[in-house]
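Student: Pasting the feature list from TrEMBL:
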- D52, V53, R54, T55: GTP binding site (BINDING)
- 1-150: domain 'RapZ-like N-terminal' (DOMAIN)
- 158-276: domain 'RapZ C-terminal' (DOMAIN)
Amino acid sequence: MSGAGKTTALKSLEDLGYETIDHLPLYFLPRLFKPLDDEPERPIGPLAIGFDVRTLDFDVRGFLATYDRLRGSEALPTRLLFLQCDDEELHRRYTATRHRHPLAQERPVMEGIIRERELLAPIRERANVVIDTTGLSPAELKRLLAGHFVSADHAGLMIHVVSFSFRSGLPRHADLIFDVRFLANPFYVPSLRTLTGRDQPVADHIAADPNCGLFFANLTRLLEPLLPRYDAEGKCYLTIGVGCTGGRHRSVFVAEKLAAWLQRRNLRVDLTHRDLDPSANHIEVTPRSGNEDSKEP
């Protein structure tokens, strides 16, 4: 959808090793891959092409017909990504940039958004991957894209572990959520309050709670048989959320511990602490083996 983040997505895919083209007229799309008909063994790297309703000669029926022809080529594995966003968020984005909606040049923006959503519904239904960018930062969108469109040498399940504060809501796109608010809370220890779950004194305090070891043993016992099954069914990306009241102490500690456990099993892991102060935020990507604020209820 227009305004849902296509340009940002293409830039992210470029960072991930893709060649990218935006607004290629549909007329040229089959011709772009014509050499593959003559030389099916010709190597071609990953390519991402962006389309929306502003693309020259774009129409839904023609787009889907062209996509079906390309998808039928054995020399050209093809996937369809659809980016969407909720109406209010799209309206805010158009208002902030003062851009006119392409389907509502002289009409209210919301009319264009509603019309476009209806127009593109057949494409959304055919998409292999649908990503809702509502509330997503560019970095979060890039992580999702990496999970779905990794290069061949990084194939397999990508696991995103995210700590968060329940006050700020659940992480979007989370597949599994674990609530650790029952663990001993360092917030009530004055010397620990300003620290985070990445600091050793806080880690020691939480680990001393007998419930911590029992919980973590059961958590890993649950995940151990699930992860290979997710991978076997072709799931590319799994998001595991770990939440506490403020997203600063308990959830951070457990998320760090869980990410380390996953790494020891040679799984690809991405770790984010969503609600830590930005100066303390931590993102770690391992493609190899190998905030609780001042008002506490």
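Glycine is treated like the rest: Cβ placed from N, Cα and C.
No curator has checked TrEMBL annotations; they are predicted automatically.
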Student: I'd like the Cβ neighbour count for V53 (GTP binding site), meaning other Cβ atoms within 10 Å of its Cβ, all protein chains included.
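Tutor: For V53 (GTP binding site), the count of other Cβ atoms within 10 Å is 17.
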Student: Within 8 Å of the Cβ centroid of the GTP site residues D52, V53, R54, T55, which other residues of the same chain have their Cβ?
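Tutor: In sequence order, the nearby non-listed residues are S2, H23, F51, F58, P102.
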Student: Please list the DSSP helix, strand and coil residue counts for the domain 'RapZ C-terminal' (158-276).
Tutor: 52 helix, 26 strand, 41 coil
Student: State the count of C-beta atoms found within 10 angstroms of the C-beta of R54 (GTP binding site), not counting that atom itself.
Tutor: 11
Student: Please report the number of other Cβ atoms within 10 Å of the Cβ of T55 (GTP binding site).
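Tutor: For T55 (GTP binding site), the 10 Å Cβ neighbour count is 17.
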Student: Going by DSSP, how much of the domain 'RapZ-like N-terminal' (1-150) is helix, how much is strand and how much is coil, in residues?
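Tutor: Computed counts for the domain 'RapZ-like N-terminal' (1-150) are 74 helix, 16 strand, 60 coil.
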Student: So if I draw a 10 Å sphere around the Cβ of D52 (GTP binding site), how many other Cβ atoms end up inside it?
Tutor: 18
